[in-house]
Structure formats: structure tokens, C-alpha cells
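Engineer: The structure's right below; bear with me while I get my questions together.
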Amino acid sequence: MKTCYYDLLEVRSDASDLDLKKAYRRKALQYHPDKNPDNVEEATTIFAEIRAAYEVLSDPQERAWYDSHKEQILSDTPLNPNDEDDDYVVDSTVTGVTTEELMMFFNSSLYTSIDNSPAGFYQIAGKVFAKIAKDEVSWGLRLGLDGYKNYKDMEFEEHINSRGYILACDSSKANLSNLLFPIFGYSSTSYEELKLFYTKWSSFNTLKSFTWKDEYMYSRNYDRRTKREINKRNEKARAKAKEEYIKTVKRYVNFIKKLDQRMKEGAKKAAEKRLADERLRKENEMKLRKERLNNEQGAQFHLQSWQTIDQENWKELEKQYEKEFEKRNVDKDDELIGHEFTKNQFQTNNNSQHEDVDEIIIYDCFICKKSFKSEKQLENHIKTKLHKRNLDRVQKEMKKDSMALGLDELSDYNDFDSAESETEKLYSGMDLNDIDAELKKIEEQLAQSSVTDSEDFTDDNNDTEDQNSLVDKLSNTNYDIEIDDEINDDTNEEVQISGADNSETQNAEQDHDSNGDSEEEKEDELTRILRELEESKTSRSNFSDSDEEWSNKKKTKAKKKKNKANTPDKQPVTANKNDAKEVCGECRAEFESRNQLFSHIQTEGHVSPLSKVKKGKRSKKNK
């Protein structure tokens, strides 16, 4: 007697998933074989039915299908809708396995014993699949399809009846290509064959026409419209029956697959094998990688000459040290201990030498207190501004310390290159007697100029800041002749207002100012030369400073003159020729035009600074 799944779990037909889970746990604890050691066989059978019932009812689709076909599954005989009409009976050779007959095998109680016996799981399911395969081949032959004559599925079903299921399976393994559908096999069937079986049967499709499902009898006496309507309804019934049959076969395949322990064990073994193969593959790859790396390193690495040890020389050294040590020690025990000690010491020294090979060289900058890993990094650091500033600061500090301690002669400051080396050579090559004679001549010239120009000395000494042309003449042998054709605006205004008398007074004052300034600048130049000669031994920086100041003065003077040349005159010059006369700065000769003065300067070589004439400062009386 078949048992309903709901009755087996003791739940209602509308029970929820949570209720089904609780009922399954309760029944499993009650009928599990481990909980019933006195009645293991019966407990195993009941527990298998409980597990099958829970697997069907826990799946929503399987549960819906079970509810709709529950009466057909629980009945011992297939339900035939044509039982009421005894006049029409369908031949079983035409229909084959029907949907109603297949429904009877959805009961898990039929598969309680998982063995190769006739009442076991493998033979019951295997015979059902063989019957379905036979029907498909017979329908293919009936329809005259190509290739179906070569299929041996019909013979396999006959071999089961004549030889038995196990022998039929063994004999058909050699001719699996002649079968339309793979066989189900038994307990020793391989996992690969099972995968092929379930793959093929999961895509099952039938060739049956299901004409026995027609609702109306077709007759030629019907008119065309009636015939068309009858054919339409009969085709609809056939399609519905065919679809139901295909779904039933696929569901039966899934039902058997859940109960098949071979698939579970085979999947587990396949997973373990796959992991083992993956592990072995990785190990082989690692081994090959290590071998390849070792081969590459061995091919690239060569011992240097200093890394190799001459064994003969090493043995000779050991013998020499052993002899020396034996001479020092008389006691034999001490000799043995010392002998071992020397050997160990030599070995440790040898190991330490090999360990020293792997030392890392670090490059330090002691000025900036930084470390570098390569010489190139240190060279790049030396070129940076930060290092140069720190180096200048350290040099200045060292110079100050040496000067404070009186260690100028001992300092290494002379090792550094100086920009004033040529100037130092010039002064060092001069004779002191020549210098004294030159100084006496300069003093005589200053005395004569002071006597001649003392009468014209006035209170305009405050306006002598920019008159440095005479210093240029004394300090440089090459004269820089500068000619300015422009007339200052202040001079133009003075000429227009004061007239000829004021212009003469202005020229006199300019000459006086230039003479006074020249005397002071001569004295300043003499004192500067003497001071530079005295300090040339202790410091060289003064020469560079003087040259820089000298070049800066020239640059500023050139810029001022350029700006004056670019500045346009605000008012035109309206002075008379008699009021403004050009005077030579050397011989004091007067000329009526500037061109005459320039020609005189070029022929006679009388060059004097024209800054006083250009600036045209006003006298205190006019102010």
C-alpha cells in the first residue's frame, strides 16, 4: 500500500515550508538508523521514504505537480479515462508506457533497497528507462525515420527479459553507440557513464503521435467545416497529452537522480580528484619554475678570482700555523685543543670573509648629514643648491675660526680656486720701489693741482657725489670716451633765464667742482690701492668686490645715459651762441661750437669727463 507524503510526515496538505522542515527533523530523529540499533533494516526503509517525501514537498514545483497527480501516483492500477466506454480499448503495443503508468513509479517506497536485486533501486529504474527507449525506437521505425534500424534498444529490453538485467547491461556496454538512449546500469556503473545518461535523458523528446487521445471520431460523412473543427480539437488534445508525457518523463529522471547515490559519491570523488590534479599541477609548475630559475642563475653567476680559494695554499697555511702553535705548547692535550681551536678559528674567519662579500656600500654627505645608496645619487646631491649653500657656510665658518685662532698660514684656504688669481699675480709681480716712485709722482701732481685750483674753491663740495671720471682715468689705461649730444633741461632753463654772465659763472663753478672732486678721488684712490696691497695676503675677497663695484658703476652710468638719450626735451633750446661757449677740460680753450671742441679733442687727445657740463647744476647764488 502506497503512503501519501503528507501522511508520512504527519502534516496537512497546506503546510508551510517551516512546518515541513520541523516535521522532517522530528521524523528523522525518530526513524534514523543510528537511533534504532535494534531494528536497523526497517528504520532504514522508513527513513528513506521520509527523506524522499521531504525532497519532493520542499521543492515548490515538485510539490505542485505531486498535488495535481496524487491520485494517479497512489493508485495501484493506472487510471484510464476510457474505462467508462468499453467499446474503445487502446492496444498497449501502440501506446507503450503511458503517463498514468509512469506516475506509479514516483513513489519512493519502491526504492527503499539500494542494491542490484530485482526489487532493488537499480533494476526497477533501469527497466522503466529501457521500456521508454524501446517505445521511441519502435515509433521511429513505424514513421520510417532514417537510422532507427541500427538502434538496438528493442533488443536490450528483450535481453533483460531473457538473460537478466545485470548480464544485459554488461553485454550492451560494448555496443553503446548502437543505443538511442544510454542504459541506467547498476551499482558498479562509472560516474562518466552516469553523467552521459542523465544528460541525454534530461533533454528527452518523444515521437509518439498520441492519436488515441482524440476526443472525436473522424468520419468522411462530415462536412468540411465539421471536419476542420474536429481536427482542430483532436490536435489540441494530442499536443496536450504529448507535453504531459514529456514533462512526466523528465520529472521521473530528476526524481531518480535525487535517489541515485552513485551520482553523489561520483561527484564527491570527482571534486577530490580535480583538487588533487590542480594541486599536482601547481606543484609541477613550481618545480619547473625553480629549476628554470636555478638554471638561469647558474648560467649567469660566475665566481670571481677573489672568491675562489686555492686549496693547496690553504693547506700550507694550516700546516705553518700548526707548527707555530706546537712550538708554543708543550703539553699534548693543550696541543690537541689548540689544534682544534686554530682550525675552528680559520673556518670562522673564512666564513666571515665570505659573509663580508654581501656588504652594502653607503655614500654619506657629511656636510648635509645625508646617506645615499649609490655614487650617482651622491653626485646629483652635490650639484643641488642646498649642498652648495651648506658648503659655503662651512667654508666661511672654517675661515672665521682660522682667522680667530691665527691659523691663516696653516689653513688650506689657498687650495680653493679664486676668481682673483690673475689680480693677485699682477700685484705680486710688482716691485715695491716702482710702487713708491709711482706714488711720489701722484702726490706731486696732487700738490700742483691743489695750488692752482685753491682760489676757485667754493662751497659746492656737497654736489661732488657723481663726479668719478678722474678715478676712471687713474685706474684704467684705456680711456672710455663718452659723448653726449643732448643738453640737459636744467641747463637750457638756466641759459634762457640768466644769460651770458650766468653761463660763465656756471662754467667756472663746474671746473672748480671737477677739480675739487678729482683731488678727493685721487686721495681716495691712493688710500684704496695701499689698503688693497696690505690686505692682499690675508683676504682676496676685496679684489672681487672692487671689480664688481667697478663694473656696477659702469653699468649704472650707461643706463643713466641711455635713459637720458631716450627722454625727449620738453622745451627747445633758445640760448645764444655768445652766451654758451664750449671749453676744453684740459687746456681751458674756448670754442664757439661743439663740433670745434670735438675736433680739438680728437687732434690734441685732450679727454676730460663731460658729466659736469651735461648735468648743468645751478650755483648757490642763482638758487
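Glycine is no exception: its Cβ is also placed from the backbone N, Cα and C atoms.
Worth saying up front: this structure is predicted, and the values here are computed from it rather than measured.
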Engineer: From the ranges 138-162, 363-387, 388-412, pick the one that Swiss-Prot records as zinc finger.
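Structural biologist: Residues 363-387 are the ones Swiss-Prot records as zinc finger.
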Engineer: Reported in the order helix, strand, coil, what are the DSSP residue counts of the zinc finger (363-387)?
Structural biologist: 11 helix, 6 strand, 8 coil
Engineer: Can you count helix, strand and coil residues in the domain 'J' (4-70) using DSSP?
Structural biologist: 52 helix, 0 strand, 15 coil
